[in-house]
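Colleague: Please find one structure pasted underneath; my questions will follow.
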């Protein structure tokens, strides 16, 4: 699950490239001299200059455009300085940590998914649970498994009015504290009631982290690598799932192993909290508060300059940050002049915004009701039922599922801008339907082939990770008009967590009522409906600017 719901802090459109040529022109920062070179063309659509000075190595990225604007060799120093001022130069060492610590919030979300798979087995085992309340009903097990999702749903509800007051940094610090307290309380729970409270606290942390992390990353990272970093955040979620599977496989035979599975999240949450404490507030948030009249413009402008210097690894006497902050202030003042630039709540259900919500909300809804929470949270039990009776075998196979999920997520990140959104969605959702029908067939009349269930599970995971997994949230971040993007994305988050919690909770009771074969048949039928939805309603947005997408929806 990867959200990208914040506008960029800075938008550099330096036009130095003709996409049909290989000549690369860059500007040396300290000497103000224009330099030309070859062999700097990066794969895809970016060029890169590496500059060295007393602050270390810096990367300058340039996007290609259709216009043929070049910097000529021997340009004047004034021309060179003008071009250089529009580049968002940065040191990689200063960019990594502002991405890494917020991304740990996504990793902890994924870890909960993976760890719960093994913990559900351990908690119900008479020999391994280490409790006298191991005989859980289907409803009680559903509450344990989906408790964190209910907490996340509530967290996503309360965070919306508080987010702009707290700021992205403080929001993520609070999320880390909720992760920490929830993990520890769950690990040391003396009874079911305390366990459920701990699960809900952890879920509150999920809700806040999933809101704050993409905002902080989007608002603080350089605009030219923003898409890459936010896509990588999805990999952190998948990596967390894989770590959860690994911990489950190691602790599944230990008495009270479920306590270790849940408690392992605590040290990661501590690292996240300490890391966020060391990072500055988002410069855009500081300026937004000032422009809204919530703070002194001069004071928060100075804080924003200092924050941006730290985030880019620049010296305090570097004027680039000050110039970029000034430009951002002008942009924000323009947006907040004469109208409610964010749009009203009801505007989400009108005109192009309604069309966008149908597309974005429909994708995240089908993302969940095609069985995704059930397959992930119950990977271990599904594999046990498929014929791998030993809990250790099931959890080890869950690790294989996690590794495959990670690999397929990487494929999606690499190919989404080459193939486009629609082809991956159509192919992936078609594969989901096939895999669910195979699981149903296995439980109906192919029970003698347990490897078929494993293959169907891998097919499901792979197809999900090249379609609904990353692309649903990519589309949500792209599809809403600028005036309603924040509120529209918030509604999409609520739709995601709400449907996730319902499906996860309902899986066990429905499995008892319908049987696994009919339940997966139901999910397969919904996947076919999802495929029709994608073919009919979802547009292709590859290569389009946000303004072009907005214009396309208005037609």
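Cβ coordinates come from backbone N, Cα and C, glycine included.
Source: prediction; values computed, not measured.
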Colleague: May I ask you to indicate which of 90-113, 282-305, 306-329 is given in TrEMBL as transmembrane segment?
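Modeller: My reading of TrEMBL: the transmembrane segment range is 90-113.
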Colleague: Below 8 Å between Cβ atoms, which of the listed ranges 90-113, 133-160, 449-476, 488-507, 519-538 makes the most pairs with the transmembrane segment (230-248)?
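Modeller: Between the stretches 90-113, 133-160, 449-476, 488-507, 519-538, 90-113 has the largest tally.
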Colleague: For the transmembrane segment (90-113) and the transmembrane segment (260-279), does the number of C-beta pairs under 8 Å, pairs 6 or more apart in sequence, reach 3 or more?
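Modeller: Per Cβ check, the transmembrane segment (90-113) touches the transmembrane segment (260-279).
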Colleague: Cβ under 8 Å to the transmembrane segment (133-160), counting only same-chain residues 6 or more beyond its ends: which ones?
Modeller: 109, 112, 116, 120, 123-126, 171, 178, 182, 191-192, 195-196, 199-208, 210-212, 373, 377-378, 490, 493-494, 497-498, 500-501, 504-509, 511-512
Colleague: Which residues, given as numbers and ranges, are at least 6 beyond the ends of the transmembrane segment (488-507) yet have a Cβ under 8 Å from it?
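Modeller: Sequence-distant neighbours of the transmembrane segment (488-507): 1, 3, 5, 142-143, 145-146, 149-150, 152-153, 156-157, 160, 207, 210-211, 348, 353, 356-357, 360-361, 364-365, 367-369, 371-374, 377-378, 476-477, 480, 519.
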Colleague: Tell me, roughly as an integer, the mean pLDDT over the domain 'Major facilitator superfamily (MFS) profile' (98-542).
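Modeller: Reported value for the domain 'Major facilitator superfamily (MFS) profile' (98-542) is a mean pLDDT of 83.
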